[in-house]
Amino acid sequence: MFHYSKAEQHDWLTIYLKYLLFVFNFFFWVGGVAVMAVGIWTLAEKSNYLNILASSTFAVSAYILIFAGSLVVITGFLGFSAVVREQRSCLSTYFSLLLLIFLIELVAGVLAYIYYQRLGEELKQHLTQTLTANYALPGKAHITHSIDRLQQDFQCCGSNSSTDWQQSAYILSSESGARVVPDSCCKTVTFECGRRDHPSNIYKAEGGCITKLEQFLADHLLIMGAVGIGVSCLQICGMILTCFLHRRLKMESY
């Protein structure tokens, strides 16, 4: 039978906690890269539609994720240093940063959830107005480009249906060139193809662009939320391990 002294047991426990925290920190660092990647991907995927969203909440949530992911990557290096050096001051700083990142991700999650709850209503209220009142008007080129990309990317025409364009300031003006819908509604975009609104010529998506855009944004919000929750769970484990290791090092210093 092998008998270990109390000091040796403490040493083994410290080593065990160090390895656990090291492994955690690796997955935490990978999670930070994932959070940052999801934030960047979200902004890149939806950058063409930012101009037609009434609220900036969705974009803010993505920017917060990018900031939190960057902070995680930096904190990860500090975590590796704290474990290797066994410095309580580094562990305290590491714990504080974990808590800060957790709170940042919590704010992003709350914002994403609030936006998810009001997403459909916001699109219904704002998208139709944007299409009819701002399309192809002077000084609204960025909105016009966003709407054109929206209709082509999602293969839809109008906020609810192609008839929404009948009330458009652009379609009612002489500048439309007798178009009944913008050319971006066409399945094959050619000059003045929007003069015909027959189903063989333009997109007739059920529910219009609102349904397509709402689903697109909702899917991204769910992905953002899932990644954020996953990394947050890792952070809770990391804070607990950090506290244990800090306490163990403190006991050994006496």
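A Cβ is built for glycine as well, from the same backbone N, Cα and C atoms used for every other residue.
Per TrEMBL, the feature transmembrane segment maps to 20-42 (among others).
Nonlocal intrachain contacts for the transmembrane segment (62-83), taken as residues 6+ away from its ends with a CB within less than 8 angstroms of a stretch CB, comprise 18, 21-22, 25-26, 28-29, 31-40, 42-43, 90-91, 93-94, 97-98, 100-101, 104-105, 107-108, 111, 224, 227-228, 231, 238, 245. Look at TrEMBL and you will find 62-83 (among others) tagged as transmembrane segment.
The transmembrane segment feature in TrEMBL is assigned to 95-116 (among others).
Beyond its flanks by at least six residues, the transmembrane segment (221-245) meets 14, 17-18, 20-21, 24-25, 27-28, 31-32, 34-35, 38-39, 42, 58, 61-62, 65, 72, 79, 83, 91, 94-95, 98-99, 101-102, 105-106, 108-109, 112-113, 115-116, 119 of its own chain at Cβ-Cβ distances under 8 Å. For 221-245 (among others), the entry in TrEMBL reads transmembrane segment.
Sequence-remote contacts of a segment are chain residues at least 6 beyond its ends whose Cβ falls under 8 Å from one of its Cβ atoms, and for the transmembrane segment (20-42) they are 62-66, 68-73, 75-77, 79-80, 83, 105, 220, 223-224, 227-228, 230-231, 234-235, 237-238, 241-242, 245.
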